[in-house]
Amino acid sequence: MSMVRSFFDGLTNVLSGAGTSVDKRVHARYGLNIVDQHQVEASYRTSWLARKIVDMPAHDMTREWRDWKADGELIGKIEAEEKRLCLRERVTQAIVLGRLGGGAIYLGIKGDDPSQPLAVEHIRPGQLSYIAVFSRWQLTIGQEVSDPEDALFGGPDYFQITSIANKVGVRIHPSRMVIFKGAHVMRGIGSQWEDAFWGDPIYQAVGDAIRNADSAQNSFASLIDEATYDVIGIPGLMERLSQPGGDAQLSKRLDAARQGKSNHRAIILDSGEGGKDAETWVTRQVTWAGMPELMAAFLQTVAGASDIPYTRLLGTSATGMSATGEGDKNDYLSSIATKQETMLRPNMVRIDAVMLRSAGIKDELWFDWSPLFEMGEKERAALDKLKADTAKVWGDSGLVPIDALAKGAQNLLTEDGTYPGLDEELKKAEAIVAPDADVAPVVANPDDLGLTSEAKPKPLLKIVGDAAPRPLYVNRPLLNAAEFIAWAKAQGFKTTTPADDLHVTILYSKTPVDWMKMGTDGWGSDAKGNLDVAPGGARIVEPLGDKGAVVLLFTSSSLSWRHEEMVRNGASHDFDEYQSHVTISYDASDVDLSKVEPYRGVLKFGPEVFTEIVEDWKPTGGEA
């Protein structure tokens, strides 16, 4: 019976020898050369490239730190506790040690036996005394816990400190240690349990690439000393050397040539007889063609092996047409964000469970990692505008209570540092004594406002003080009426609205509403309830309505938000849309409005005045 053999053309090719015994590649094998503690330390301390590969991701993981989802007071307490413990610095150090082969953070609990399990639920305020960082080589670990039902499964049953004076031999329960591991090690034939627990140093997989790059750089540096060299030709050199005293004569000749070059900046050579048998001296230069590209190739290999972009690792700009490096940077930061979630967050959750209780805070709070992407001024401004627009949309929708939304927006502005000092100013604003709960937010008498006589609102509307549902008209009197009228006169208005009637309308609601539900103004008012509209911005003078009014239109987000807040609380607005304005005059037929320059100064408004609507109201005579 004949034997039939099948040959497959692919990875194995008997004609070309690929994949067969004559192919050199089939004899290649990976060897496991364990990088020991001394090599790790030597690499980290002597190679700038090795150090950056370890430090850079660790610092990037903690660079922007985290944002707590809590109110400003709680966030302040948490940040104070973090600073006391130097938490951010300790975590960064532990990540570095983890990348060097393993690190750990010890939670130092005051008055506790470190060898006993940590009862997190029994932590009292102030009990977390300190946190300490150890490398794997400062700790001895016990036996592996192999029971899958044990909470310590896969880890040691104890740790022992081996490098602290007066504490040698102290055993620590694993619940008091937070482990920062190196690269994952697969449990196999060639791996020890301790190595599998701590993980590999980063250098175990990247070491060859780093050594090749360092070697290429050192070799290139050595060649610099030989950048130029001299080629000297001496006729009959070998014959002279074979004669007695030939060596001395050659040395003497070369010394004379060097001395002439040094003293006279000239080389004296024997030109021979008729140019025959003449000495020669030629300076040549080493060609560096391809050397920079070769070194760059080694460094690119290191960048790929370490998962750090070439431009980030070396601090260089991207090369190539239209290259910005943004794609590489975004990919890198995305990988850092992944490490934060999968590697760092579980450890932070364990630390926070103890730290928050020690700070007297419930451990139900949670956090997000702060964005890693660094934005320019334009990008930041665009993002801030987007956040503001989003807050406005949620406020307009009525799905989120306005007070809760305002508090969240204030926390956001405080945390991202958009407005320095905002936190203190908000505390001052909150410290202002609010009116009693049983007092309606209604001004019963204009004299109580403390306004000047010309700024008091004209008593054309009936002022009331009870809280029964009724139509509502809300306005703010213009305090700097004299300045405003002087501007109007200068623009050609013969008569203007009387000073005591100049105001801005906030709400005109024919729908009866509970005035108590309108709340108190918190949109930009100062301690006295006054509101200033800053100079400039969009301002227009044009007719408005069917009663001959000419008004100054202006924009104010504080007035708009306050109007929308009242509408959300049940009021109506019986006009097409809300537009803040001050009525200049009801008699301006002889004024060419196209030539009027709008009022650009500050508009100072007094506190809100709540009144009922007067249905048959008509404009009165103007101020001459």
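Cβ atoms are placed via backbone N, Cα and C, with glycine included.
These numbers come from a predicted model, not from an experiment.
The feature active site is assigned by Swiss-Prot to His503, Thr505, His581, Thr583. Residues annotated as 3',3'-cUAMP binding site in Swiss-Prot, with similarity to another entry given as evidence: Tyr106, Trp617. If you look up Swiss-Prot, you'll see Tyr106, Trp617 marked as 3',3'-cGAMP binding site.
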Report, in whole Å, the straight Cα-to-Cα distance of Thr505 (active site) from His581 (active site).
-> 7
By CA-CA distance, flag whichever of Tyr106, His503, Thr505 among the recorded positions is nearest to Thr583 (active site).
-> His503
Provide, as an integer number of angstrom, the distance between the C-alpha atoms of His503 (active site) and Tyr106 (3',3'-cUAMP binding site).
-> 66
To the nearest whole angstrom, what is the C-alpha distance linking Thr505 (active site) and Tyr106 (3',3'-cUAMP binding site)?
-> 63
Determine, from DSSP, whether His581 (active site) sits in helix, strand or coil.
-> strand
